[in-house]
Structure formats: C-alpha cells, structure tokens
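A.B. asks: Take a look at the following structure, please.
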Amino acid sequence: MRVYNTLTRQKEEFVPRDPGKVSMYVCGVTPYNHPHIGNARPFVTWDIIKRYLEQCGYQVHHVQNFTDIDDKIIRTAKQEGVTWEVIANRYIASYFAVMDKLNVRRADRYPRVSEHIPEIIAMVQGLVDKGFAYAVDGDVYYSVEKFPEYGKLSGRNLEDMKAGARVDIDDRKRHPMDFALWKSAKPEEPSWDSPWGPGRPGWHIECSAMSLKYLGQSFDFHGGGSDLIFPHHENEIAQSEACIGGEPFVRYWLHNGFITLNEEKMSKSLGNFFLVKDILAHYSAEILRFFIVSTHYRSPLDFSDERLTEAGRSLERLRTAVGNCLELNKVEHTGENDAAKLLHKSAVQAQAEFFAAMDDDFNTALAISSMFALAKELNIYYSAVSSGKSEHDAEAYAIARDIYFSMAEVLGILVEERAGKLEGGAGLINQLMDIIIELRQAARQQKDWGTADKIRDKLNAAGIVLEDSPQGVRWKHR
Ligand SMILES: [Zn+2]
C-alpha cells in the first residue's frame, strides 16, 4: 500500500509502526455551528480509509478531537447568553447526527480540550523547561527559532515568513511566527489555573497533548484538510517533536483537498458555504457521500447541483445491481455454465483492480470504476438467468455478489439495499416504476394516448426508457 505523505511530498510504501495495527489521529471540528460540506469531506474520507485498512486486516485505533474551547464558541455563547458548554454540546450533537446520516462510523475516542487541561499544561511546562517556550505576562509562546526544522511540513522557511509578517506584530513575541501555547484569561472567558496564572490553551497544543496521551509518542497517520497544514500541523510538529525528541511524531501526514463551488473556492466570506443539513434537504445522505468519494481525496472537489444529480444517477446504477442480486438470491442452483464462469472471472478481476486502486493512496475514484464494471457483469448475468437463457450457478454467483458487496462496504454505500431492506428488485425505484408503468398501461387501455405519451416522454427526460417485452413493459436507465 502506498500513501502520499505531505511531509515528503511523495507516495511512500505504508509500513505501520506496529505490525497489524494502525494508529490515526484526525483533527476534528470546532463545535460552534452545524457541520458544513467542508467538514463532511475529511470525515467521510477518513471513514473510508479506516474501513479499507480494516478490510486489509489491520486493527485501527482512531482518535479525533473536539476543539471545545475556542474564540468562536465563546463569541456564539455570548451572543446567545448561554455558557460555552451549551454551544459546544449542541454542535457536537449536531456533528454526530450529521455524520451518522453520512454513514461515518465513530472513532474510538473523541477527546475534548476542556477535559485535557492538565495534560496540556504539563506539555506547555515541558516546552518551557526545555527552552522551546517562554512566558510573557501570563501568556506562553512557542519560540519557532528554537526548532530548526520549523516549516518542514508546509515547505516554508522562517526568513521568508518573517519578511512576510505584518508590521503590527506583537512586540512581546521574540519572532513574529511565535505562537501561543497558553493565553492569559480575559474577563468573562472560561479559564483554568496554571503556573502562568489563569488562562486557556492556544489552539495547536491540544492536538499534540491529546495525540500523545492516546496514541503515544509516534503514530501512523495524521489527517485533516489541507487548510490545516499551516500553521496548525506545522505547529503540532514543532510542539510534539520538541517535547518527545527521537522518532518522528507522525509517520504519514495525509491531507484532503479543497472544496470548490462551481469551480470557485468555497469560503464563508464568499457566502457560498453550505451546511450539510441544508444539502440533505435536497439530496440523500448517501448521494452526498457517494459524491464525495467519487473524487480522489487529494483532488479538489467541485460542488454543484449538476454533480450531485449525476452522483445520484450513478448510485442508482450501482443500486440496480444490488436489486438484481437480491432477486438472484431467490433463484435455485441449476448448474455450472459459461455465463457464471464469465461472471466469476470478471468479479475476481474487478476485485484485484479495486484493491490496486485503494492501495494506490486510497484512490476511490478509480476503485468505483471497478465497482461499475462488476455491476454491469452482474446485471448481464441477471438478465441471462431471469430470461431463462442461462442456468444459475449459485456458488459462482455468490462469490461475485460477495465481492461486489464488500466493495460497497469499503465505500460505505448501498447499506439498506445490501441488507435486503428494500424489497422488489432494485428497491424503492422498482416499486415506483411498477406504479408508473401500471398507470401508463391503464391510460393506453382507455386509448388516452396523450397521457401515455406524456408519461413516456417525462421518464425519457429523466433518463429512463420503457421497453415492450413478451413479459410486459420493462424499464431501464438510458
Ligand atoms: Zn489538530
């Protein structure tokens, strides 16, 4: 398995620190609002990476934090006249509700900053003791000049950063890029006692302190959006490696790409920032998930109505194959035959291609194409068996079906269909199509050609074609 490491800017062979085990830390959300599309992408991505690692036999330990002490939370709490805990708890609940809908499985642990103040203070004290940090008037800053490798993740150097820094810098800092590890208390803000007086942690220190506590001094994957590379992850490296020394703090840094809206970068200032719950009012969570995984995680993801609609259509094609499998499950074994041999061969090939794509830096976009190839073969086989042209080889078919379902499991899609919850071939759409076809037949019997043609034309516009067959009217995707 090869993964792209942001630190070395190349794909590297993945070798876990401990054989058979994978430890990963993912930067979580700051719960001051409902999750937006930019939150959905990393968490769906990491869910799939985890599912795939598990399918490869690894035991995965996944830790993801909540930044529950933050300016934005404090501000929102003030505006609403409630405590910061109320805001944090409300939006943590919203995070879980949205991620559950997106079929993102839970991490093993969700540490919160507010519950790790002693660990954070101990780490800041350690950095002060070692000379990497200094206290000024109740604040503690990290001294970037003391860490010679500062800038190695983001590919920046201190001289350039100093030159680029704004003039109105804080003169209490020794270098403009020095960052706060501890901030002295301001009136009406939550604070905790510390050796430097009452205050609260800076943003970056939490991830160093909490990953150390739950994953140890060195772990396999650290993930997040590419907007976190600088300064957040750069600062995490400076803190953790100064503190522990020796082994690299993180073995592989993985970052997902940006989201664009109609090819324009999404940001709050442009007002094109979408909350997941608003998107889910128009599209199913499964379509949104499938849309996210249809693009490789490092590539930009362009968000538009057209693309979501397209994702919905593609998903429907994959769903049809599951529906056909559910039908085939009911057919009795009659014997070996050429169609089944071909299906078996195609399935094994599709599986090899799927694994190869996922082994190449979790290339879900390519992996999905092997899933489509297998869906097509399953549909061909289903037609051959259901039309009586071929015998049914239950054993060979079951192998192909299981491969297909395991691909869907890695991608976290077609869950209900696979569980057989949606009855009648391809599920709900088949039931609806039965109703529509029946209504059109009734119109034709009454010689109401206008209505019959209108139904056919509207279906056609939606990408569905009706065909007359000896068994009656059938439908298919165009
Ligand atoms: Zn973090």
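Cβ atoms are placed via backbone N, Cα and C, with glycine included.
Taken from TrEMBL, the feature Zn(2+) binding site covers Cys27, Cys207, His232, Glu236. Per TrEMBL, ATP binding site is recorded for Lys268. Here TrEMBL flags 353-422 as domain 'Cysteinyl-tRNA synthetase class Ia DALR'. What TrEMBL lists as motif ''HIGH' region' is 29-39. For 265-269, the entry in TrEMBL reads motif ''KMSKS' region'.
Quick one: how deep are these features, and who are their neighbours?
C.D. replies: Under a cutoff of 8 A between CB atoms, and with a sequence separation of 6+ in the same chain, the neighbours of Cys27 (Zn(2+) binding site) are Gln64, Asn65, Cys207, Gly223, Gly224, Gly225, Leu228, His232, His233. A coil conformation is recorded for Cys27 (Zn(2+) binding site) in the three-state DSSP classification, outside any helix or strand.
Using DSSP to sort the residues of the domain 'Cysteinyl-tRNA synthetase class Ia DALR' (353-422) gives these counts of helix, strand and coil: 52 helix, 1 strand, 17 coil.
Beyond its flanks by at least six residues, the motif ''HIGH' region' (29-39) meets 66-68, 70, 72-73, 75-76, 87-92, 94-95, 98-99, 225, 259, 266, 273-277, 279, 303 of its own chain at Cβ-Cβ distances under 8 Å.
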A.B. asks: Report, as a single number, how many Cβ atoms besides its own are within 10 Å of the Cβ of His232 (Zn(2+) binding site).
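C.D. replies: His232 (Zn(2+) binding site): 17 neighbouring Cβ atoms within 10 Å.
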A.B. asks: Counting every protein chain present, what is the number of Cβ atoms, excluding its own, within 10 Å of the Cβ of Cys207 (Zn(2+) binding site)?
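C.D. replies: For Cys207 (Zn(2+) binding site), the count of other Cβ atoms within 10 Å is 27.
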A.B. asks: Show, in sequence order, which residues other than Cys27, Cys207, His232, Glu236 on the same chain lie with their Cβ within 8 Å of the centre of the Cβ atoms of the Zn(2+) site.
C.D. replies: His204, Glu206, Ser208, His222, Gly224, Leu228, His233, Asn235
A.B. asks: For Glu236 (Zn(2+) binding site), just count the other CB atoms lying within 10 A of its CB, please.
C.D. replies: 26
